[in-house]
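One structure is given below, encoded as C-alpha cells.
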C-alpha cells in the first residue's frame with residue numbers, strides 16, 4: 001500500500017466520523033424525540049467541537065495526499081524519495097494534533113443559549129468578537145484549502161503529462177508510478193475537483209452574507225438569500241458523502257474489488273464462475289471447429 005493510500009484512507013475515516021456526528025442527532029430526534037443539542041451542555045459542546053474539527057481534517061489530509069502525488073509524479077529521483085509512509089504518518093499526526101488542539105476554544109465558548117422564554121439552542125453568543133472571528137476564520141481557511149488544492153492539482157497534472165510523454169524505453173529511468181498509481185491519481189483529481197467546486201460556492205455565499213449583513217433586506221431578497229444559503233450549506237456537505245461514488249466510477253481496480261466483495265457476500269465463487277465461463281467458451285470453440293471439420297469431410 002502506497003503512502004497516498006494512507007492519506008486517502010485517513011480522509012475516508014475522518015469523513016465517516018463526521019457523517020456519524022451529523023446523523024446521530026437526527027436519529028435521536030426522530031427515533032427517541034430527544035434533542036441532544038439542547039438536552040445536555042456537555043453534548044452540546046462536544047458535538048460542536050467534533051463538527052468543527054472534522055470539517056477541517058478531511059481537506060487537510062486531501063492536501064497532504066495531493067502533495068504526496070506531486071512528489072511521486074516528479075521526474076527528479078531525489079524529490080520522489082520524500083514520498084514515504086514515514087512522512088505520511090508524521091504529517092497526518094501533526095495536522096490532526098493541530099486541529100484537535102486549535103478548536104478546544106469551542107468547548108469554552110459554545111453553550112446552550114436562550115433565545116426566547118421557552119426556546120433554547122446550542123450555539124455561541126450571537127454578538128461580540130467570537131462569532132465574527134469564527135466566520136472570518138472559517139471563510140479564510142476554506143478559500144485557502146480550495147486555492148491550495150487547485151495549485152497542487154495543476155502541478156501534479158503537469159507532471160503526469162510529462163511522464164506520459166516520456167518514451168517507453170526511458171520510463172524506468174524517470175518514474176516509479178504504475179497503472180494503479182495513475183488510477184489513484186485520477187481518483188484524487190476527482191476528489192479535489194468536487195471539493196473545490198462545491199466548497200467555493202459555499203465560501204462565496206458566506207462572503208456575500210458577511211458583506212451584506214448590515215444592509216436592509218426586503219422580504220423577497222431575504223427569501224432568495226436564505227434559499228441560496230441553504231443550497232450552499234447543502235453543497236458544502238456533498239464532498240463528505242460522494243467519495244464512494246467517485247472511486248466507483250473512476251477506478252477500475254475499485255470496481256473489481258467491489259464486484260469481488262459482492263460475489264463474496266452473495267456466497268458465489270467468482271473464480272469458479274470465471275472458470276466455468278472459460279470452459280463453456282472452449283466448448284463452443286471446439287464445437288465450431290468440429291462443425292468445420294464435418295463440413296469439410298462432407299464436401300470431400
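Quick reminder: no glycine exception, Cβ is built from N, Cα and C everywhere.
Range annotated as transmembrane segment by TrEMBL, chosen from 65-86, 87-108, 109-130: 87-108. Residues 187-208 are the range that TrEMBL records as transmembrane segment, among 187-208, 253-274, 275-296. Counting only same-chain residues 6+ beyond the ends of the transmembrane segment (133-157), those with a CB under 8 A from a CB of the stretch are 56, 59-60, 62-63, 66-67, 69-70, 73, 124, 185, 188-189, 192-193, 195-196, 199-200, 202-203, 206-207, 210.
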